[in-house]
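K.L.:
Take a look at what TrEMBL says about it:
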- 159-200: repeat 'WD' (REPEAT)
- 201-242: repeat 'WD' (REPEAT)
- 243-284: repeat 'WD' (REPEAT)
- 285-326: repeat 'WD' (REPEAT)
- 369-409: repeat 'WD' (REPEAT)
Amino acid sequence: MAAPMAELPVEPQSLRNLSLKSLKRGLDLFAPSHVSSFPLDSESKRIRVGYNVTAEYGRVKNILMEDTQDKSKQSSAPLALPGIPESKDFQKGDQGALVMAPPMLPKAPELAMPSKSSAVISVPGSSDRYTSSSALIERIASKWPKPIWHPPWKNYRVISGHLGWVRSIAFDPSNTWFCTGSADRTIKIWDVASGRLKLTLTGHIEQIRGLAVSQRHTYLFSAGDDKQVKCWDLEQNKVIRSYHGHLSGVYCLALHPTIDVLLTGGRDSVCRVWDIRTKAMVCALTGHENTVCSVFARPTDPQVVTGSHDTTIKFWDLVAGKTMATVTHHKKSVRAMALHPKEHAFASASADNIKKFSLPKGEFLHNMLSQQKTLINSMAVNEDGVLATGGDNGSLWFWDWKSGHNFQQGQTIVQPGSLDSEACIYALSYDMSGSRLVTCEADKTIKMWKEGLSATPETHPLNFRPPKDQRRY
């Protein structure tokens, strides 16, 4: 058998010495108050803040030399934490007695003042506990863009005439009239200046969810829950073409700005492309897994952008009929999107947040700085950078496009005789000048908004606080 290993001699240690070695740990565990600050050592603070390297390492060197010289001697003096006076319990006495940690005492006055030659940095208004760290941190100004001041918007006209929910809206390129589609299965054309009814078109057998007016032709396009997409000739005020192919209700509709092409999306999870001259379906953009509820078109790639209830946004190549990219930043249905009239960017709205993306690659820019916390059915942005969003609870919020700051929160007032639950905004749109906003609501009314002329930055100050930590998604 192998010889047993020689046991190393163990230095005898008393219970008192062991307890003194764990004094700080015992103080942390059994201290009556963890809230009160730990007393600081003025000498160590002076060394840390003043960066006196010679003094710092000189102390360590002297300690090591003293430890080497006095290695054979065992000191009976107790250990003491800086700032805590020595207790009577730590005087010479019974070596076997258990020594308890002293209670947490209030901060003792500094025993030694730092010399005038040492460089001590002081920050006004900061406590002594954080002086040594906060004094060395450089405060960096926020890089978040400051929002532009916009005057508040106010309601100046209420139009009633529909017999059902007003679900869609579109403006004439000449900015003289606008049309609205309703759940009463009619399309009504209104004068922009006076708000008077000019014409009523009938032909759909279900509520009308999408409208678009052509910029190159005298055509009006409509789509609804009856699976029908119709082309109206405004010179004859009648339907001249119908586009058949959707298997369920059609929720959104858009015209291509340069090509005679119509885009429609619906509950069959497909965005269909139609030739407006021949009534033929050019192609079907398939790939979404749920209802396509928002769409817009661009003259360059990606020419088509669709948002769906499957929480994704897809960019489409119209020539190949395939997906170019898919954006998956949202967690809820993307019910509304708004293309900026000048910048190469767009915003998308969901129940979780409103997000901005760049074009053409769809890179995520940032979230809006507030949450509307409701289903956002529609949104629009004008050339001045004012983004308006209409919620399912009747909330109408206005945002600064550049910074994402919400500068106004409004609540629509229902028509007398309607229920409070009918305070819902289904669609909204700016006119061609961007100076008027029209909202379509569930109380069967159409409300028109404009900026307050008497408002100034002094009467309506901009209460903006830059975000400290902005969420990436």
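A Cβ is built for glycine as well, from the same backbone N, Cα and C atoms used for every other residue.
How buried are the listed features, and what sits near them?
P.N.:
Within the chain carrying the repeat 'WD' (159-200), a Cβ under 8 angstroms from the stretch's Cβ atoms is held by residues 206-213, 215, 220, 222, 224, 232, 237, 415, 424, 426-433, 436, 438, 440-442, 444-448, all 6 or more beyond its ends.
Model confidence over the repeat 'WD' (201-242) stands at 95, taken as the mean pLDDT rounded to a whole number.
Residues of the repeat 'WD' (285-326) grouped by DSSP class, helix first, strand second and coil last, total 0 helix, 23 strand, 19 coil.
Per-class residue totals from DSSP over the repeat 'WD' (369-409), listed helix then strand then coil: 0 helix, 22 strand, 19 coil.
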K.L.:
Taking helix as H, G and I and strand as E and B in DSSP, count the residues of the repeat 'WD' (159-200) in helix, strand and coil.
P.N.:
0 helix, 24 strand, 18 coil
K.L.:
Looking only at residues six or more beyond either end of the repeat 'WD' (285-326), which have a C-beta under 8 A from one in the stretch?
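P.N.:
Apart from its flanks, the repeat 'WD' (285-326) reaches 251-258, 261, 263-267, 269-273, 332-337, 339, 346, 348, 350, 357, 359-362.
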